[in-house]
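K.L.:
This is the structure I have questions about; it appears just below.
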Amino acid sequence: MGACLSINIDIGAAGAHNEVKGETEACTKKQFKVLLLGTSDSGKSTVLKQMRILCNDQFTPQEIESYRQLVFNNIIRGAVMLVDALPVMKLQLSPENERFAETLRSINDLRDGEVYPKELLQPLQDFWGGAGAQEGWSRANEVALPENLQYFFGDLPRVFQQDYIPTTQDIVWCRTPTIGTTETVLKQGDRELMLVEIGGQRFARRQWVTCFNNVPAIVFLVSLNGYDQCLFQDFSVILLFNKDDLFTEKVKKSPIKQYFPDYEGPESDAAEGRNYFRERFLKLSSKISADSVRPGGDPPLRKREIYTQ
């Protein structure tokens with residue numbers, strides 16, 4: 001009885017499953033899914049906004065209001081980041097701008113419909129035009145300052161107009177760190193392009209692997225503009241070689257030179273292999289330190305140390 005009942009249920013379930021499967025396959029044929037990956041500040045959100053603009057996908061009034069508030073946030077938080085970076089670069093603000101810098105930290109984000117505080121316009125212009133801020137901005141690559149500071153600070157009077165509405169260019173320049181995963185569907189005729197954007201911060205990268213199912217294409221973004229940029233936070237590194245027992249056995253049957261042609265040590269020699277990989281990491285660390293020398297021959301702001309075991 002149990003088996004007979006089970007068969008009847010399975011037949012019904014199979015019919016429903018096939019119907020859903022057919023609808024899903026038909027939908028999938030019309031929808032092309034692309035995974036948008038990249039490190040933090042590689043421009044994923046910027047590309048996504050540009051794709052929406054190219055596909056005439058209009059921003060909603062709610063989105064435009066959010067970007068209006070975000071522009072203000074970018075200006076204030078960007079200024080605070082610049083202030084925090086100046087001591088690292090051994091630069092100072094004028095006494096007036098130093099006092100204003102303390103005010104910056106207490107400025108709250110805007111609420112819906114709240115206009116930009118006009119009393120901040122002139123102090124912000126004075127701050128940006130000061131020698132300390134300009135010298136710090138000229139060395140922005142040393143401390144990874146937001147790339148949109150020049151754009152917004154260069155147009156403060158327009159942005160601080162009481163009836164300000166972000167332009168398309170303003171929206172593109174807005175800095176919006178991606179937290180978690182977002183899906184954007186763009187329509188072209190009867191077809192859809194689904195762009196799945198995943199945060200590029202280190203803590204978010206563990207989510208990448210869960211999004212690879214049924215993805216025919218991946219777009220990985222690299223910021224060419226970041227070739228001379230440094231991390232504002234830099235730490236010493238402890239390099240610990242793990243799984244040594246497995247490595248010792250593997251080199252006996254999988255030659256290192258087959259995968260690393262510059263390896264000149266004896267084959268099957270685990271000790272020489274360990275030393276080779278240690279030297280590769282140390283050379284990389286030394287190159288980073290050497291490349292961090294600033295214009296004029298000044299030493300790098302932060303020297304990364306690496307310890308091996």
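Even glycines carry a Cβ here, placed using N, Cα and C.
TrEMBL does not curate its annotations; it predicts them automatically.
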K.L.:
From 90-109, 290-309, which range did TrEMBL mark with region 'Disordered'?
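P.N.:
Within the set 90-109, 290-309, TrEMBL attaches region 'Disordered' to 290-309.
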K.L.:
Does DSSP put D245 (GTP binding site) in a helix, in a strand, or in coil?
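P.N.:
For D245 (GTP binding site) - judged by DSSP and reduced to three states - the answer is helix.
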K.L.:
Check the binding-site residues S45, T178, N242 for other C-beta atoms within 10 angstroms of each C-beta and report the one with the most.
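P.N.:
Neighbour-count leader: S45.
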K.L.:
From the Cα of S45 (Mg(2+) binding site) across to the Cα of K243 (GTP binding site), what is the distance in angstrom?
P.N.:
39
K.L.:
Determine which residues of this chain, when N242, K243, D244, D245 are set aside, have a Cβ within 8 Å of the centroid of the GTP site's Cβ atoms, and list them as they appear in the sequence.
P.N.:
F241, L246, F247, T248
K.L.:
Does D244 (GTP binding site) have same-chain partners at least 6 apart in sequence with Cβ under 8 Å from its own Cβ, and which are they?
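P.N.:
In sequence order, A270, R274 meet the Cβ cut-off.
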K.L.:
If you draw a 10 Å sphere around the Cβ of K243 (GTP binding site), how many other Cβ atoms fall inside it, taking every protein chain shown into account?
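P.N.:
Excluding its own Cβ, K243 (GTP binding site) sees 8 Cβ atoms within 10 Å.
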K.L.:
Please state whether DSSP places S45 (Mg(2+) binding site) in a helix, a strand or coil.
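P.N.:
The three-state answer is helix.
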